Amino acid sequence: MNQYHDLLERILSDGAEKHDRTGTGTLSIFGHQMRFNLASGFPMLTTKKLPLKSIVHELLWFLKGETNVRYLREHGVSIWDEWADANGDLGPVYGSQWRSWPAPDGRSIDQIANVVDMIGRSPDSRRLIVSAWNPADVDKMALPPCHCLFQFYVADGKLSCQLYQRSADVFLGVPFNIASYALLTMMVAQVTGLKPGDFVHSLGDAHLYLNHLDQARLQLTRPTRSLPTMTINPEVKSIFAFRYEDFKLENYDPHPHIKAEVAV
């Protein structure tokens, strides 16, 4: 995961200090891209331990189209609690936009079902896109989408994915996003009969919060280790049929967790 360490180093050396919505302050750069070959191992950070359970359940929650944290809490995942209202609702966030984008004529568009179908029918299409950024709904969301658009690409029997992330909390959020979209790419590849290719991560405002700088410097002192392997149950043939038990992360040997506060 040298790509991630290079990003940390670039922000620490070149970042501009900026004010932000949370009042915490950031060091920020604009425009950065990382590429991960999924055949070379699953891109899960090894220089600090990440919670696989939270990553997988959040992705399954998105794919269910849910926008209430009830499912997450039932599975011991609290990463969205800070933004939920008293009833656990978040407004029309990722799951709603992915699975039930409201069309002007009253229809509901299932972008995930559509893109999986299109990969099978028209793999060379340049329209294999899912967007979570709906300007009509942004003001209704507890937190507008940070990872807001992704595109699939098929070549030589392999499925690749590029994510555009408008706002990237590099210490806490980006490691989750890398693993989540790498896993999504593997899942979609399996159900469309393809092999995983690359995950390409394009960042807009990539920032370290000022209260994460010491943690980032600590992480950079740790040598990277071999990437783990992600095994997915080959019997699952629908993108909506995956369960937590269908994923097995093997040979994950990370350095210890590094605690940092979430900027809300």
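Backbone N, Cα and C atoms are what each Cβ position is placed from, and that goes for glycine too.
What Swiss-Prot annotates here:
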BINDING   R21, R126, R127, R166, S167, A168, D169, N177, H207, L208, Y209  dUMP binding site
ACT_SITE  C146  active site, nucleophile
BINDING   D169, A263  (6R)-5,10-methylene-5,6,7,8-tetrahydrofolate binding site
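Sequence features annotated in Swiss-Prot and their locations in the structure.
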| residue | record | DSSP class |
| --- | --- | --- |
| R21 | dUMP binding site | coil |
| R127 | dUMP binding site | coil |
| C146 | active site, nucleophile | coil |
| S167 | dUMP binding site | strand |
| H207 | dUMP binding site | strand |
| A263 | (6R)-5,10-methylene-5,6,7,8-tetrahydrofolate binding site | coil |
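Take the Cα of the residue listed as 'active site, nucleophile' and measure to each of the binding-site residues R21, S167, D169: the nearest one is S167. Scoring each of the recorded positions (R21, C146) by how many neighbouring Cβ atoms lie within 10 Å, the top position goes to C146. Distance between Cα atoms for R21 (dUMP binding site) and A263 ((6R)-5,10-methylene-5,6,7,8-tetrahydrofolate binding site): 9 Å, as a whole number. Each of the binding-site residues R127, H207 was scored by how many other Cβ atoms lie within 10 Å of its Cβ, and the smallest score goes to R127. It is Y209 that, of the binding-site residues S167, Y209, A263, has its Cβ surrounded by the most other Cβ atoms within 10 Å. Taking only the Cα positions, the spacing between R127 (dUMP binding site) and A263 ((6R)-5,10-methylene-5,6,7,8-tetrahydrofolate binding site) is 35 angstrom.
For the binding site of dUMP, formed by R21, R126, R127, R166, S167, A168, D169, N177, H207, L208, Y209 according to the record, the largest Cα to Cα distance is 36 Å, rounded to a whole number. A263 ((6R)-5,10-methylene-5,6,7,8-tetrahydrofolate binding site) sits 13 Å from S167 (dUMP binding site), counting Cα to Cα. Its Cβ taken as reference, D169 (dUMP binding site) is surrounded by 23 other Cβ atoms within 10 Å in the chains shown.
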